[in-house]
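Okay, structure first, notes after.
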Ligand SMILES: NC(=O)c1ccc[n+]([C@@H]2O[C@H](COP(=O)([O-])OP(=O)(O)OC[C@H]3O[C@@H](n4cnc5c(N)ncnc54)[C@H](O)[C@@H]3O)[C@@H](O)[C@H]2O)c1
Ligand SMILES: N[C@H](CO)Cc1c[nH]c[nH+]1
Ligand SMILES: [Zn+2]
């Protein structure tokens, strides 16, 4: 791994970071061409691109209901049990995130509030190039289901024989996915955004993927909603002398093994400790079933930062803004306040990042490439939209009319001012008429009583 030894008080800047894995110029170019092809040729493009990139010919992208039901019987029972265990904890976590519509009545009778409405349709991208991701089905479909989204469409690349993994289909069934299509990559994102003969477009696309998928989501954003840029995985492990180098090494490798473009960072406090972690990586690599991907990721995109203080380490973390941050240090919780930028924060030696990938409950779809500076983990909020509600009473209009007219006039917006002024005049006229009416009635009453 590349290594930087910081001097005391030397600032860690973004110049130290290589973001080419996350924002890959080649992938952006390729995704642009693919999206255009799908827009022009629809299903024909999906077939051609699936053959080109996944090496299989698919006639019908839609997975029939019978195949989904059959998968429940076909999937290994222990895997099914584990998926159900994970689903229960993910569902529970996301249920707690749910927001209700709310209304507030002001003293002057105005009612203001926020109405929460589930999205009509979402497309969830489930990766499948270099690994299988039934966990990603759960992480994306369950919050959509909890929120009340009616149409939950899953797209995922085919396996080498042109089918889908039974565990993916089982996860779709558990999490209430309503349509499944065997198509992946930038072409699947384009199909969800613009539609084809087979796939109807959706309102929003969520879910992680490789550099091509992340680039495609970025390109279609605006024509369709997207959750975030959730590209090649990242982890930053802050480790002090109390951390076992073998555990730190395996936690770095757990993200490196996702993708040769994954980015892994070790932030530590001595060269000797960094050497121990690097040595442990070599030992683990001998056993790894994914040694090639892992090695490439660590060699090309790995970085070790040797710091002289915890303040400097935390500054580095905030500049890196990693997808996952592991605080493998004594008293990890104490530093939470100083951590500004990280998708998910794992505290202490007993919290390997992998528990967050599968079962802890919080979402594993997380911002990458430094976008944790402004993006949050996928949540139920991604599957709803909000409408503001405003209802004025006559008293509220009288209260606020002067301010509206004043600001609208300053902005040069005549009709804005007039729309309020006319109503105010109508109110005042009605009030005057009523005062005059009461006065006249008073006189009449008096006359009747002979006063
Ligand atoms: N940030 C997160 O929340 C998060 C979560 C899970 C996984 N991930 C990441 O998701 C990614 C999964 O990647 P994957 O590759 O295994 O699956 P994937 O489904 O994202 O990508 C596979 C698809 O990429 C397309 N593709 C491959 N080579 C191409 C090329 N040369 N040109 C154009 N398109 C091409 C193909 O269509 C293929 O179907 C990894 O980077 C992993 O780290 C991120
Ligand atoms: N670590 C991934 C997010 O970067 C999520 C995942 C799914 N399965 C295993 N890991
Ligand atoms: Zn992972």
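Glycine is treated like the rest: Cβ placed from N, Cα and C.
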Residue in 108, 161, 165, 357 which TrEMBL records at the Zn(2+) site where 255, 258, 416 also bind: 357
Candidate from 233, 388, 438 that TrEMBL assigns to the same substrate site as 255, 258, 324, 357, 411, 416: 233
Where residue 210 (NAD(+) binding site) falls in three-state DSSP terms: coil
Those recorded positions in 125, 233, 258, 324, 357, 416 whose CB falls under 6 A of ligand 1, listed in sequence order: 233, 258
Inter-residue Cα distance where the pair is residue 210 (NAD(+) binding site) and residue 233 (substrate binding site), in Å: 9
Recorded positions near ligand 2 among 125, 187, 233, 324, 357, 411 (Cβ under 6 Å): 233, 357
When distances run from the Cα of residue 323 (active site, proton acceptor) to each of the binding-site residues 125, 187, 357, the nearest one: 357
Between residue 324 (active site, proton acceptor) and residue 416 (substrate binding site): CA-CA distance (Å): 48
The one of 187, 210, 233, 255 whose CB sees the fewest other CB atoms within 10 Å, among these binding-site residues: 210
Collapsed DSSP category at residue 187 (NAD(+) binding site): helix
